[in-house]
Amino acid sequence: MKTVKQFLNSFLLVELLKGLRVTWANMFRRKVTVQFPEERTPQSPRFRGLHALRSYPNGEERCIACKLCEAVCPASAITIEAGPREKDGSRRTTKYEIDLFKCIFCGFCEESCPVDSIVETRIFDYHFENRGEHIMTKEMLLEVGRLNEEQIAADREADAKYR
Amino acid sequence: MTESEFMFSDLMVWAETAFWILLKIVAILIPLILAVAYTTYAERKIIGYMQLRLGPNRVGPKGWLQPIADTVKLIMKEIVVPRGASKTLFVMAPILFIGPSFAAWAVVPFDAGVVLADVNAGLLYILAMTSIGVYGVIIAGWASNSKYAFLGAMRSAAQIVSYELAMGFALVGVLMCSQSMNLGEIVLSQSGGIFQWFWIPLFPLLVVYWISGVAETNRAPFDMAEGESEIVAGFHVEYGGMAFSLFFLAEYANMILISFLTALLFFGGWLSPFEGYGMLDEMTAWIPGTIWLLIKASIFLFGLLWIRATFPRFRYDQIMRLGWKVFIPVTLVWLPVVAIWIKSNVWPFN
């Protein structure tokens, strides 16, 4: 009896017709596609995108060249050279570079930073057009920080109570 | 009348006939190619919708110009002939594939008498043309000098040969019911409304024919010849640009052909389903037969896309088992049944 039932089931394509019914029903359901450039998925304040170096409101850069980020970076993507600044002799970086091809966006640099200088922003849709552009220099990082300071500060504020 | 004058007028008659035939061919092929272009669009949209996606919607309003953009891209691409490939055969293969699939349309009637070649053995001609197409596949696979292409070609050849049998048997049923091989006469023998069409007495054969048609066109779930997961794209893996698009065009032309044939052979072709139903018949009398045929064919074309969106690919031995151990016995059993049915003079053969 069971074999007869099994035979009829497969011979009359019962399972296949059930499958067709599922796809038919799905055709009329709401579509879940996000139309990317116009629509964006929501982001967390902890989003780890393109890096930035922050500055204080008076324009002084935060980074004190402690090299903790360079030490903690698991991909060795950060290169720092430090020395006294000509103007006031304080210890600053003379070179701060991030290789975006090496970076794995783990966020350790951000966590290790004692002065909240190196941060990861919400920017994720950037591109390079020439060789060598994947190296973010200190000026580029500071520029990203200046342009996005408002968002960066708001995100740190939102996350502060969990730190 | 001198001899030269006679020759000249003879030539004129010949040229005029040739001109009209060419015009008819163009009148069939241009809409066919457009239909193929928009079948690809419909396929992407329908499969997208069934997978909760939107499908192409960027080029033109709602993505309507997507097929045009695809065509332009394919035309501009270079045809690369692989090293060690047999160059002549490599270039010939797409033509050998697309030629028969277009030629088969010659005997397809679009309305009563609207047919390019009203031949008596239309059904045989179509079977022959769809079978010849496999040479294009085999030659493409062999000439590419690639193991994937060759494997795909072998699979495709074995599959088409196996399903040809079941398909031929299914068509024998149609032949018995209509007593004719001419597609127009087959349609006319189904006149008398939806319950006189052959789909009721030949239902098992219809299912066998339809599934064999899916297998013949190498469509999912029978697309072993393309099997992306193991042999990349099968027989056309080395083709690009227009050479590839010829294969593509032929595959979709075959799909449309199978849909048209299903409508013609089992669902009364251009006949209205309400024929002889009084009120309904009068209300729908203004709809031309071609529209009925197109509606029926589009339903089956949608079925092909629906099937592709639903089923995973068969394993190769499963395909062979289905073809040889299921379809051929089913058709062999149903043919005597139909024969007795016809001879016993009961509905719908009275």
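Keep in mind that glycine also has a Cβ here, set from the backbone N, Cα and C atoms.
Unlike curated records, TrEMBL annotations are generated automatically.
Residues or ranges marked as domain '4Fe-4S ferredoxin-type' by TrEMBL: A:53-83, A:94-123. TrEMBL lists A:CYS63, A:CYS66, A:CYS69, A:CYS113 with the feature [4Fe-4S] cluster 1 binding site. The feature [4Fe-4S] cluster 2 binding site is assigned by TrEMBL to A:CYS73, A:CYS103, A:CYS106, A:CYS109.
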* Structure fact -> Spatial neighbours of A:CYS69 ([4Fe-4S] cluster 1 binding site) among the binding-site residues A:CYS103, A:CYS106, A:CYS109, using Cα within 10 Å, are A:CYS109
* Asked: In the domain '4Fe-4S ferredoxin-type' (A:53-83), how many residues does DSSP put in helix, strand and coil?
  -> 5 helix, 9 strand, 17 coil
* Structure fact -> Residues sitting within 8 A of the centre of the A:CYS63, A:CYS66, A:CYS69, A:CYS113 CB atoms ([4Fe-4S] cluster 1 site), not counting those, run A:ILE64, A:ALA65, A:LYS67, A:LEU68, A:CYS109, A:SER112, A:PRO114, A:VAL115, A:SER117, A:ILE118
* Structure fact -> Here the 10 Å Cβ neighbour count for A:CYS109 ([4Fe-4S] cluster 2 binding site) comes out at 25
* Name the residues of the same chain, 6+ apart in sequence, whose Cβ is under 8 Å from the Cβ of A:CYS106 ([4Fe-4S] cluster 2 binding site)? -> A:ARG48, A:PRO74, A:ALA75
* Structure fact -> Comparing the Cα of A:CYS103 ([4Fe-4S] cluster 2 binding site) with the Cα atoms of the binding-site residues A:CYS63, A:CYS66, A:CYS113, the shortest distance belongs to A:CYS113
* Is the domain '4Fe-4S ferredoxin-type' (A:53-83) packed against any residues at least 6 beyond its ends, judged by a Cβ distance under 8 Å, and which are they? -> 91-100, 102-104, 106, 108-109, 111-119, 138, 141-142, 144-146, 149, 152
* Structure fact -> the domain '4Fe-4S ferredoxin-type' (A:94-123) resolves under DSSP into 5 helix, 9 strand, 16 coil
* **Spatial neighbours, same chain, of A:CYS66 ([4Fe-4S] cluster 1 binding site) - Cβ under 8 Å, 6+ residues apart** => A:PRO114
* In the structure shown, with every protein chain counted, which of the binding-site residues A:CYS63, A:CYS73, A:CYS103, A:CYS113 has the densest set of Cβ atoms within 10 angstroms of its Cβ? -> A:CYS63
